[in-house]
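Student: The structure is given below, and queries will be raised subsequently.
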Amino acid sequence: MPFPVTTQGSQQTQPPQRHYGITSPISLAAPKETDCLLTQKLIETLKPFGVFEEEEELQRRILILGKLNNLVKEWIREISESKNLPQSVIENVGGKIFTFGSYRLGVHTKGADIDALCVAPRHVDRSDFFTSFYDKLKLQEEVKDLRAVEEAFVPVIKLCFDGIEIDILFARLALQTIPEDLDLRDDSLLKNLDIRCIRSLNGCRVTDEILHLVPNIDNFRLTLRAIKLWAKRHNIYSNILGFLGGVSWAMLVARTCQLYPNAIASTLVHKFFLVFSKWEWPNPVLLKQPEECNLNLPVWDPRVNPSDRYHLMPIITPAYPQQNSTYNVSVSTRMVMVEEFKQGLAITDEILLSKAEWSKLFEAPNFFQKYKHYIVLLASAPTEKQRLEWVGLVESKIRILVGSLEKNEFITLAHVNPQSFPAPKESPDREEFRTMWVIGLVFKKTENSENLSVDLTYDIQSFTDTVYRQAINSKMFELDMKIAAMHVKRKQLHQLLPSHVLQKRKKHSTEGVKLTALNDSSLDLSMDSDNSMSVPSPTSAMKTSPLNSSGSSQGRNSPAPAVTAASVTSIQASEVSVPQANSSESPGGPSSESIPQTATQPAISPPPKPTVSRVVSSTRLVNPSPRPSGNTATKVPNPIVGVKRTSSPNKEESPKKTKTEEDETSEDANCLALSGHDKTETKEQVDLETSAVQSETVPASASLLASQKTSSTDLSDIPALPANPIPVIKNSIKLRLNR
């Protein structure tokens, strides 16, 4: 298929006439010949990764969507006739399939699924969609693997149509007929709709709005393809695990296009890393000024919603109702992504100076050589069908474990690898399906202390409790569904992972990327003495943006000012070496650029977390004590770089365990001694106590008592575990690092 490359002449003769974004562009410079050559090289580099679909396959998708669209129209006519609508209405009743996501954006890859939306008039009910339309799909020869998920947060029908996976949502509009030229961006369409229809419409509305807010769609698409591939190769593409999903990456690329409206893909990729390695999080990324439609729908607004002030990396969807697409981002995942942005900037600097090729940007660093300590999570189920359900649930809650680990006073970073792996069987004679995730840990370096005792038992058990509670209440729990956790050192990973996964990668050049300190301690990510490669690892590169002058008088515990204010400041980016060659952005100019950001969203520095004692019981899961209510205003100290994050005001705080109680309870666990690591490999002595993971049946009398039970941070509306016996995995992970 053709790959459009905007030429120098066309950009100069047809500059964008519109003003895009909430600020003025940083540069209007037109591309040079070297930029066009670099863009062509970028395309050639991307091709082997399968990011471009062949024209034949694209036409096949169009044909399938056409058949699906005809089925929808036919079905709606049948429904209309069954409900005795006038013939004049039936003839023009319409109905339509819309697409959204990567396919609608034009950046889908080979074999990717299609996200679709079925839009119907007001006399067609959601129940019709999940009954008569489902039955109609079942009769189609091309349709395989048909299944309905009616109880999902966004109800969906999933199917495989002639080999293409399709997810179909449903929305009923308050219209008598559905015209062919219907524009879903019209906010008036949301009137009198139920919340499920609004959620279903949101994907299409956001996708269409993004495409209308970029200066050049072809340049946007090619840049987004490159950034998505880079994010996937660097294991930071996963909304569910606290990184960014497809729509978030699309909005970041769209904002870059707005700031450099005449630039082409090679320049835009470089500017993407420049802008977001300098971004003053948690200032929000906005593609347009939020608009109020007076429909009383909840929108992202830190002035109104206290929890919105605690979002760490807000990227706001442009369509009403505006939402933060990155609410899952944690301290650790933001640190990882910011460090990757910095490394991306260093590499693209080299590329623009002809010191490196594009392939270097897409080299995948080896996650399993980054850290000395890892937590391995194992999820197992007796059948493949149960494994799929169980793995989906466990994966959706891993971010809760990461959040709990990073609040531990001894942990600097908890980095989960978005990839899951098949786990070795526990017994070759037993049929069992197991999936494994790996979390890299960096422990805080302590000064004036010889010993560092770390007890992760509570963090693991709290996570396990949350997953089991969700499984039981969703009626998917089976007795043989298990979760296990273990601590392993880097050199022990070969016992769990295949050799090709652990293969060492070529060392990246990261000249100009400096690792910063967190909590006045450097990150201990050095390699074992026998390891020859070194991959720069995430650090606390994040910087807390100061309060602006207008907000300083309000006090830190007052609501955050409006992000919709028209005033925007230009925050001067720190100095960066901009390549002198092959750059269309004034190579002879200053070495720093002004990155426009919304200065009306100040950084909210949360209060330091308290240390609360906790006791590990040998007969039941440990549950946190109720956290103090966050409704009362709390005076927050001045911003501190790297301060430990607390939960949102309306959430509970995880208690900490004192050293005394840790020593007392260590006698209750059956521990397995393993060796560990310290910074100095030749002098380290690490006593690791890891209790064997046991499956216990907790009797009703010893089960979680309601009076002791508090809700999870993610499941505040879920009741306590039932009194009947259930298997509970005991996970005791205790480490004593002797320095």
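Glycine too: its Cβ is placed from the backbone N, Cα and C atoms.
Take a look at what Swiss-Prot says about it:
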COMPBIAS  1-17  compositional bias 'Low complexity'
MOD_RES   SER10  phosphoserine
MOD_RES   SER24  phosphoserine
BINDING   ASP113, ASP115  Mg(2+) 1 binding site
BINDING   ASP113, ASP115, ASP167  Mg(2+) 2 binding site
REGION    508-643  region 'Ser/Thr-rich'
COMPBIAS  523-534  compositional bias 'Low complexity'
COMPBIAS  535-557  compositional bias 'Polar residues'
MOD_RES   SER537  phosphoserine
MOD_RES   SER558  phosphoserine
COMPBIAS  566-582  compositional bias 'Polar residues'
COMPBIAS  583-594  compositional bias 'Low complexity'
COMPBIAS  611-622  compositional bias 'Low complexity'
MOTIF     644-659  motif 'Nuclear localization signal 2'
COMPBIAS  650-660  compositional bias 'Basic and acidic residues'
COMPBIAS  676-686  compositional bias 'Basic and acidic residues'
COMPBIAS  691-715  compositional bias 'Polar residues'
MOD_RES   SER732  phosphoserine
Student: What does DSSP assign ASP167 (Mg(2+) 2 binding site), in three states?
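Tutor: Once the DSSP labels are grouped into three classes, ASP167 (Mg(2+) 2 binding site) ends up as strand.
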Student: Ranking the recorded positions SER24, ASP115 by other Cβ atoms within 10 Å, which is at the bottom?
Tutor: SER24
Student: What is the set of residues, excluding ASP113, ASP115, ASP167, whose C-beta falls within 8 angstroms of the centroid of the C-beta atoms at the Mg(2+) 2 site?
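Tutor: Here the nearby residues are GLY101, TYR103, ILE114, ALA116, LYS158, GLU165, ILE166, ILE168.
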Student: From the binding-site residues ASP113, ASP115, ASP167, pick the residue whose C-alpha lies nearest to the C-alpha of SER24 (phosphoserine).
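Tutor: When the Cα distances are compared, ASP115 comes out closest.
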Student: Per DSSP, to which secondary structure element type does ASP115 (Mg(2+) 1 binding site) belong, with helix, strand and coil as the options?
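Tutor: Assignment for ASP115 (Mg(2+) 1 binding site) reads strand.
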Student: Far apart in sequence but close in space: which same-chain residues, 6 or more away, have a Cβ under 8 Å from ASP167 (Mg(2+) 2 binding site)?
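Tutor: ASP113, ILE114, ASP115, ALA116, VAL156, ILE157, LYS158 - these are the non-local Cβ neighbours of ASP167 (Mg(2+) 2 binding site), listed in sequence order.
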